[in-house]
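Quick look at what Swiss-Prot annotates:
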TRANSMEM  5-25  transmembrane segment
TRANSMEM  39-59  transmembrane segment
TRANSMEM  65-85  transmembrane segment
TRANSMEM  102-122  transmembrane segment
TRANSMEM  134-154  transmembrane segment
TRANSMEM  171-191  transmembrane segment
Amino acid sequence: MTEYLLLLISTVLVNNFVLVKFLGLCPFMGVSSKLESAIGMSMATTFVLTLASILSYLVNQYLLLPFDLSYLRTMSFILVIAVVVQFTEMVVQKTSAALHRALGIYLPLITTNCAVLGVALLNVNEKHDFIQSAIYGFGAALGFSLVLILFSAMRERLAAADVPLPFKGGAIAMITAGLMSLAFMGFTGLVK
């Protein structure tokens, strides 16, 4: 049980996919201008990342490895992710049309979010079992959500602040992201 808790904490804080591994930067910068959109994207990405991790593990263990098709791993994981994203988009569209409009193009772009594919591939490379794969995917999603929501809240506050003209927009966003990354470096050594 302790091993699973350490894996979760490590994935959320110590090895955060956005601030440490630099995966998932497109939605991180693109959806973070409004808190409401960031929360919606966080929920959708959490669902997709967790489910894609589990399904990718199952595809790898019960389809690719037994038939010696490991060379199809990346393509099959992309297919799994695309199916999960399509399912998620249909659910979001049926349950919340406003959220679907707010997320816009970023919802289908979860398919190309490198963090989702990165989690699936890292699960295989680190030889996680089923439960570890699920926890790793969920932890990566929680870490992504935490960073996205915090960054979004800071960007909303910065939009209302008196920022010098050369720093407005993307420049101050990059500086803020860098400072967040430095803050998350403080968690290094928390989990070995």
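Positions of Cβ are set from backbone N, Cα and C atoms, glycine also.
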For the transmembrane segment (171-191), the distant same-chain contacts (Cβ-Cβ under 8 Å, at least six residues beyond its ends) come to 6, 9-10, 13-14, 16, 19-20, 28-29, 32, 147, 150-151, 154-155, 158, 163
Flag the pair the transmembrane segment (134-154) / the transmembrane segment (5-25) as in contact if three or more Cβ pairs fall under 8 Å (sequence separation 6 or more). yes
Residue numbers, six or more beyond the limits of the transmembrane segment (65-85), whose CB comes under 8 Å of its CB atoms: 48, 51-52, 55-56, 59, 107-108, 110-111, 116-117, 120-121, 124
